[in-house]
Amino acid sequence: MQPPVPGPLGLLDPAEGLSRRKKTSLWFVGSLLLVSVLIVTVGLAATTRTENVTVGGYYPGIILGFGSFLGIIGINLVENRRQMLVAAIVFISFGVVAAFCCAIVDGVFAAQHIEPRPLTTGRCQFYSSGVGYLYDVYQTEVTCHSLDGKCQLKVRSNTCYCCDLYACGSAEPSPAYYEFIGVSGCQDVLHLYRLLWASAVLNVLGLFLGIITAAVLGAFKDMVPLSQLAYGPAVPPQTLYNPAQQILAYAGFRLTPEPVPTCSSYPLPLQPCSRFPVAPSSALASSEDLQPPSPSSSGSGLPGQAPPCYAPTYFPPGEKPPPYAP
């Protein structure tokens, strides 16, 4: 019988194939780690660009980066490799879900809430109260002109505002942001717009790369090198309980044929006899000495166990049978 495989998905791969799989896994994990660093960098740059626009696109980068770090450690481990790679796959899976959500949120926010056309055409103004004033304390009113007339807009210090996006005299707020607080110029708003789209693209890239990396690590964690293959306990030898085979296993042992049971010379009403026809006792004794053992008993090594047959005894006329003896 063949020895059992040590695991449900244990793969016997030569050392060269295992090394190639290891390099492939390291390449994918390293690429995912690099993308995670870019996601965190771009996300932090976007969320610190303004005060009133919060970006959460860097959270998937943290989760994916931690999962990639665990994956690099698990690939280079010899013992506890499977446990470490399973933990890496779990973190990468959570990072993939977070990247999917943040890619949608950042993309929708950049497309719906930031209008780049007034910024690129120079129709937005930047207001600064000067050195020594805090932008969250000092406020001023500026005049915005629209088709319906002019209106007053309160802005804080270090704010980029766009009167084209502000609905004068309208109770409904504008869907697009018309002011960006805490910037050093209106060019920072354009940078924020580009960073949001870059964060969305990087999150999509991290989404697909995370799925592929999790699949590669899942295939690598079940691989077992030939040098570390440990077979299970050996199967005990199967014992044969056939008496004939156990007896014939001893060298030089020969079976002696047992004598064939014969009928007694004393006549009885019913007496056991062999398969031979009824004969006198003297003739039966001489035939027993000359007859060789039967092939069935000598060939198989088992004693002849033919069922005894009982035949009635015939007496010549005028002779009485012997008295019955139990």
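The chain as shown is numbered from 1 upward.
Positions of Cβ are set from backbone N, Cα and C atoms, glycine also.
Per Swiss-Prot, transmembrane segment is recorded for 26-46 (among others).
Residues of the same chain lying 6 or more positions beyond the ends of the transmembrane segment (55-75) and with a Cβ under 8 Å from any Cβ of it are 22, 25-26, 29-30, 32-33, 35-44, 46-47, 81, 83-85, 87-92, 94-96, 98-99, 102-103, 105-106, 109, 195-196, 199-200, 202-203, 206, 210, 213, 217, 220-221. The transmembrane segment annotation in Swiss-Prot covers 55-75 (among others), and the record cites sequence analysis as its basis.
Per Swiss-Prot, the feature transmembrane segment maps to 85-105 (among others); the stated evidence is sequence analysis. Same-chain residues lying 6 or more positions outside the transmembrane segment (85-105) and placing a CB less than 8 Å from one of its CB atoms are 29, 32, 36, 39, 56-57, 59-60, 63-64, 66-68, 70-71, 74-75, 199-201, 203-204, 206-207, 210-211, 213-214, 217-218, 220-221.
Annotation source Swiss-Prot lists transmembrane segment at 200-220 (among others), citing sequence analysis.
What Swiss-Prot lists as region 'Disordered' is 284-326.
Annotated compositional bias 'Pro residues' per Swiss-Prot: 305-326, in sequence order.
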For the transmembrane segment (200-220), find every same-chain residue at least 6 residues outside the stretch whose CB is under 8 Å from a CB in it, and list them.
21-22, 24-25, 28-29, 31-32, 35-36, 38-39, 42, 57, 60-61, 64, 67-68, 71, 74-75, 85, 88-89, 92-93, 95-96, 99-100, 102-103, 106-107, 110
